[in-house]
Amino acid sequence: MVNGQLCDKPKEKVLGGERVAIDAEIDEEIRFEAQDIPLDIVYEDDDILVINKPRDLVVHPGAGNPDGTVLNALLHYYPPIADVPRAGIVHRLDKDTTGLMVVAKTVPAQTRLVESLQLREITREYEAVAIGHMTAGGTVNEPISRHPTKRTHMSVHPMGKPAVTHYRIMEHFRVHTMA
């Protein structure tokens, strides 16, 4: 219900300030299965793991990917990580994105990593190939949120989360630019 009225349209949007009531049963705590999925570990100590996530590996279980994820692999590789919120995962990479992920093995490490990400003490760098011939680097400072119709995509939206991306040109190709 939204403001005391039955909401029968799944796409109905709220703008803020509404009172939302949900009548739902709360299931028992969800337990994820440990699965023997290879992890490319590039660094490990008592507090963290750094893994090189390959393309096509989803980070968290979810609709369409209930298992076979980084989280399932972490539970198999290091079972005590089950006691760390979100199995130590403090950030994610999209399914199609490769790259390094830092994973906390302890609650104090998880707390500190989350705090460092929030304070922007940790920077993330990506390489991307864009369609077209970009002439110079720059900065995109626009709020982003889920695309309204392509729910697996992000797009600029005035009600989105603040996002700042600095980019520089690395290489030009015939019809693409690596930034």
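Glycine too: its Cβ is placed from the backbone N, Cα and C atoms.
As recorded in TrEMBL, the features of this protein are as follows:
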{"type": "ACT_SITE", "residues": "D94", "note": "active site"}
{"type": "DOMAIN", "residues": "47-173", "note": "domain 'Pseudouridine synthase RsuA/RluA-like'"}
{"type": "REGION", "residues": "138-158", "note": "region 'Disordered'"}
Chain residues in Cβ proximity to the region 'Disordered' (138-158) (below 8 Å; excluding those fewer than six residues from its ends, i.e. six or more beyond): 164-167
D94 (active site): tally of other CB atoms within 10 A of its CB: 13
Where D94 (active site) sits in the secondary structure, as DSSP reduces it to three classes: coil
The domain 'Pseudouridine synthase RsuA/RluA-like' (47-173): DSSP-derived helix, strand, coil residue counts: 29 helix, 35 strand, 63 coil
Rounded mean pLDDT for the residues that make up the domain 'Pseudouridine synthase RsuA/RluA-like' (47-173): 93
